[in-house]
């Protein structure tokens, strides 16, 4: 009988089938004159046969919390994937020096690319008025300009796709009532961060279009603004991925021991270190610091180069000296892989669920893969494919760190 009733529901609503809240039938008593009489139900005593709650007195059917959480979790997982794509595409745009090819910013108008020869000529003439063409690309042809223009155009259009992927489903879920009170605040923050990310991207590009009469260096965007742009994208990615994993993966009821508490804290610190290492890569990219010392493990002929503190005041070296920026990125990378190795060894000393063990092993494997990509990129003078793979590896490493943190999170009482 149940098979006849619920098979159509599965076909309509998907799998797993939503459940109805139906009063649980009380068991029959086994003795005396009360045999065959069912015991009365206690208030709130129900048996979950399906997750669809039929509201009394109404013919409407509302999606319950568990099914709604799964839907929202899958949506945010897709959103985090789109953000990862934007970060990777932005890295390739930076590596191909395409980011300053579009000298205007219009939310709607620029969505239509040039189609005629006259429109392309007009776009190229606008680009010729800015420092990158005058200093670096003064002999560029129109065909070469089209390539870098389409690279930047793809990045901007992908950013708009990310915005739509967040805002439109968020409005739909909000209207349907599928967001809890806590999720509403988080979703609003994510949508706000997406909009802020777009404005920050244009603010970054503007820094590379400004005339600098006192400087004869290659025109580039401010490394501070680039780091802010990448950092906000990483925050958006981490927040979306963390929320989706929290909604989709069931929590483990781990015994709260001192060892587990230590492991959990160490995992949080390691994830923060991985984030900081990825963020330092923005300063490396912004200053082209990967082209300064292309040797490993030493930097040139020494472990600590002589020009490490050549800028004054001293603090400027950390953010503006290419040698110091590369040195810091190396130190952070080595520290991160060391911390991940220690984290893995600590996890082996505690009995953990299989899924958690897989997360720790994945994190370790990705860490050493990332180190290999970084060293190869450095030694081969930063080719675009390897550098893009290295940047993608940082996202994969950050994802594995968040996954392990999520596996170890505390079960609320």
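Cβ atoms are placed via backbone N, Cα and C, with glycine included.
The shown structure was predicted, so the numbers you read here are calculated from the model rather than taken from an experiment.
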Which listed span TrEMBL calls transmembrane segment, if the choices are 33-53, 54-74, 75-95, 96-116: 75-95
Dominant neighbour of the transmembrane segment (329-346) in 75-95, 157-175, 187-205, 225-249, 358-382, by Cβ pairs under 8 Å: 358-382
Of 75-95, 157-175, 225-249, 270-293, 358-382, whichever stretch has the most CB pairs under 8 A to the transmembrane segment (187-205): 225-249
Selected stretch (most C-beta pairs under 8 A with the transmembrane segment (75-95)) from 157-175, 225-249, 270-293, 358-382: 225-249
